[in-house]
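J.: Shown below is the structure under consideration.
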Amino acid sequence: MASFTEINAITISLILILSFTLPASTSAQQQCDSASTGGCHDKAKSLQLKLIAIFSILVASMIGVCLPLFSRMIPALMPDRDLFVVVKAFASGVILATGYMHVLPDSFNDLMSDCLPINPWKKFPFTTFVAMLSAILTLVMDSFTMSFYKKHGFDKKGGGVDGEKVNNGERGLGNVENGGAHVGHCDGFNGGANDKDSMLLRNRVVAQVLEIGIVVHSVVIGLSMGASNNPCTIRPLIAALCFHQLFEGMGLGGCILQAEYGMKIKAILVFFFSTTTPFGIVIGIGLSNVYSERSPTALIVVGLLNASSAGLLNYMALVDLLAADFMGPKLQDSMRLQAWSFIAVLLGAGGMSLMAKWA
């Protein structure tokens, strides 16, 4: 878990440092800024909406990510039930659409902006290139993390990731088996249904990597909202981001649930997911007088971060979530459940795609 928190800290620090080193606006830059406001500029009204957004998004994020964690209290939503699989398929569709319909287009808009020089930004498809590299690096991180923990402690000592002991009676392998972690959503391709250690380890790696991709995008979008003084843009964003965080949190919460973490690490993961967007908004408010989302530095940094996040999210949604579910025994043994899960994926992806009109 130390590596996860360090990556989050590095990401936030990078955005802060680059925000404070943005160059002063030129006349051309001021034209870009004025064009982006679209004639709707009200700093006082924008601040009121941002404060509403901080509270609303925080609550929506906490509800979304915590719902799956309390699903064991509802028999119909236990991980071994069909309804759980369908709900998780819906959440996977949401994460897939987040990458393709929200994060990737944002990166295209940033890196193809008229505020950037034609050469090299319009001569080479940096967004898709960086997204591709990000997906490959996610695979590398996925693979090496699994190998590292298998070799240095998980399989040999029977402990969990980051030294967290896995006990059969509490949240260990017996709980994984009885809780139905083998049903799919975050299992990945673990090379054998009988390898319970690898199954649990795989779930934990997926939960951490997925959260990293979500957190990076959350900080960026929060920073952009906080720095904006355009209430015409902020107002529809509040509702859209609340739904976005709610459903995205459900997908992440399901992965955290199947990772069988202890209370401390669950709390850390929930905290980071729930607070990064509000934290980004707070940073944006503080930097609103010096930060320009249309400055070349901001466009390049945010565009590249969004492209990296999109590649990670797309890989995780397709490989570690959807493929793992639909190629797993739970869905392969039931055409009816498979059909309902496909419908759920389409509904989740479609609903999140519709939100791209506002967010």
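Note that Cβ sites are derived from N, Cα and C of the backbone, with glycine treated the same way.
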J.: For the annotation transmembrane segment in TrEMBL, which listed range does it cover: 246-268, 269-291?
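T.: It is 269-291 that TrEMBL annotates as transmembrane segment.
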J.: Short question: most Cβ pairs under 8 Å with the transmembrane segment (205-225), which of 83-104, 124-149, 269-291, 297-318, 339-358?
T.: 269-291
J.: Relative to the transmembrane segment (297-318), which of 52-71, 83-104, 124-149, 269-291, 339-358 accounts for the most Cβ pairs at distances under 8 Å?
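T.: So the stretch in question is 124-149.
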J.: Name the range, of those listed as 124-149, 269-291, 339-358, that has the largest tally of Cβ pairs under 8 Å with the transmembrane segment (52-71).
T.: 269-291
